[in-house]
Amino acid sequence: AQEAAVRAQAEAVRRLKQDKADPDEIAKEVAKLLEMKAQLGGDEGKPKFVLKTPKGTRDYGPKQMAIRERVFSAIISCFKRHGAEVIDTPVFELKETLTGKYGEDSKLIYDLKDQGGELLSLRYDLTVPFARYLAMNKITNIKRYHIAKVYRRDNPAMTRGRYREFYQCDFDIAGQFDPMIPDAECLKIVQEILSDLQLGDFVIKVNDRRILDGMFAVCGVPDSKFRTICSSVDKLDKVPWEEVRSEMVGEKGLSPEAADRIGEYVQLHGGLDLIERLLQDPKLSQNKLAKEGLGDMKLLFEYLTLFGITGKISFDLSLARGLDYYTGVIFEAVLLQQENEHVEELVGVGSVAGGGRYDGLVGMFDPKGRKVPCVGVSIGIERIFSILEQRLEASEEKIRTTETQVLVASAQKKLLEERLKLISELWDAGIKAEMLYKKNPKLLNQLQYCEDTGIPLVAIVGEQELKDGVVKLRIVATREEVNIRRESLVEEIRTRTSQ
């Protein structure tokens, strides 16, 4: 009866949360639930633990980690191919380091309790710590990548790869270079990674903060409203123009005329032809910022043509990217809707990479305000991972969770010592090997273990083999068996597993 009461109380709490009831009322009911649970007790008065991960986080089992490692290795090899070094920074920063860098998103930063006199926050991304690192070490020139966890007190949408703790994979080029060459390389990197991971069709939208700011100016947006109107425009990929317009006018106090002028521009997208057209636009071409931005955009498209990737790029005037620190080119890679019947639910996964130029961020940290121009890209690993995970579930393909090359097995009893000797030889030679932890395992059980775990080879020791100085090597897939001289075994395993 007590357990039933606890369940009923838990259900009441769940309903209150669902109906977004008053937080105080929820807290009161939760306290009541905890009290009832405590009275219920557990074995010998042991408290019962709630076995769950915190909201917006998840565990990764061996299967998920196998997929994740595959994705990481593709991304890292691309970063290395482009000559990047790797760095790491602490998971928390001084609170003041992060404050004021993220615009409206600053409310999502996790602040830590004061422990020992420093006010700290968990890092929100890898870009601001990178800028702090450059300013602190007086570095004016580096090409680096950084893969690490970041934290956001967001409302999680776990199925779409939105978490409160998640990995970011960042690649940045810092330094004073000729315009648009590093920017073009960042876009090439996004194209390489997304093509390599075979996620389906994608488009990389490109815009420039200067074009946006120039557009706002000629449309009659007051300076003080640039950033807030920018974050409204950024929602255009998720909601229709009418909704964005009513937010600008209704909530943010923009004049309807200015909103309509913005509407004429932000619905445009195209390539070089659109850039040329806007360079001739009577209003935009009069604005210094917009003209600069369009000139650089034209240069960028020339370089992207040489890289042969303009087919994947769209110059899109609605792209705004909400973060405050961008100063020039901004871009975002979006997966296009999948037609495949397996992946109905993948529609709306949306952005899988984003980035841009942020020339002022390092200067914010430098005591003398010295600027280090930077451009970078962040790969949305969690979203990519969600897609691949769902796809693998749908295809029911078996995933190997270990890299074991060979199982050391015995054909008769009393051969444990021989198995231990052989496996030790293999380990010392750098071969990935396993054996069953039983003195006298049945051969059938040993072979079955290989079938279940995907181990490709079995090295069988038996009395006859020991006499002859050979090991019987069994190929699990074909069940073919060959006798290999003991001294040639390592080489044979290497050859067979490298194919």
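Just so you know, glycine gets a Cβ as well, placed from its N, Cα and C.
Predicted automatically and left uncurated, TrEMBL annotations should be read as such.
Noted in TrEMBL for the protein shown:
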type	residues	note
DOMAIN	1-54	domain 'WHEP-TRS'
DOMAIN	56-388	domain 'Aminoacyl-transfer RNA synthetases class-II family profile'
BINDING	D125, L126, T127, R152, Q168, D172, R321, Y325, Y326	L-histidine binding site
**Report entry** Cβ-based isolation winner (fewest other Cβ atoms within 10 Å) among the binding-site residues T127, Q168
**Finding:** Q168
Query raised in the report: For the L-histidine site made of D125, L126, T127, R152, Q168, D172, R321, Y325, Y326, how many Å separate the two farthest Cα atoms?
Result: 21
Report summary line: A correct count of other C-beta atoms within 10 Å of the C-beta of D125 (L-histidine binding site) gives 19
Report summary line: Across every protein chain in view, the count of C-beta atoms other than its own within 10 A of the C-beta of Y326 (L-histidine binding site) is 25
Report task. Mind tallying the domain 'WHEP-TRS' (1-54) by DSSP state, helix then strand then coil? Result -> 38 helix, 0 strand, 16 coil
Report summary line: Around the Cβ of R321 (L-histidine binding site), other Cβ atoms found within 10 Å total 22
Report task. Note the mean pLDDT of the domain 'WHEP-TRS' (1-54), expressed as a whole number. Result -> 80
